[in-house]
Amino acid sequence: MKRWEHYEHTADIGIRGYGDSLEEAFEAVAIALFDVIVNVNKVEKKEVREVEVEGEDLESLLYNFLEELLVIHDIEGLVFRDFEVKIEKTEKGYKLKAKAYGEKLDPEKHEPKEEVKAITYHDMKIEKLPDGRWMAQLVPDI
C-alpha cells in the first residue's frame, strides 16, 4: 500500500513516499510533490502523460523523474494526482517508465499552495525499511 506525507525541514517542506515496492514509493513521493503545489484530492484524472527517464543510480532516477514531472507542470500547466511507475535495472543503471494522471491547473478548484522551483538532492533518501516496505524522500526547492 502506498502512502505519502510531508515532514518538517527548517523553512522548507520535505516530501516522503512509502510503498510495498520501490515503484509504489516513487509514485507516492510524486503525489506528495504535487500536494505541495495544490490539493491533490481535488485533482481529477482527466489527462495522462507518459514519462521515460534514466538514472545511473536510484537517487538520480528519482531526481530525473520528479524533475520531468515538474517540467510538464511548468510547460503544460498540468497537475497530477496518481502515477503508474515501472522501474527496470539496465547496464547503465536504471530506467523508469511512468504514466502520470491529472488535469490542467484550475486555481479555483485545486487551491494552489506553494511553487516548487526545482527538485534537489537535499535530504534525499531511498531505502528499504526493516518491515520490507520502501521509502523515498527529499526536500524540493520552494
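Including glycine, each Cβ sits where the backbone N, Cα and C put it.
What Swiss-Prot annotates here:
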BINDING   Asp12, Asp141, Ile142  Ca(2+) binding site
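A simple Cβ count within 10 Å picks out one of the binding-site residues Asp12, Asp141, Ile142 as the most packed, and that one is Asp12.
Under the three-state DSSP scheme, Ile142 (Ca(2+) binding site) falls in the coil class.
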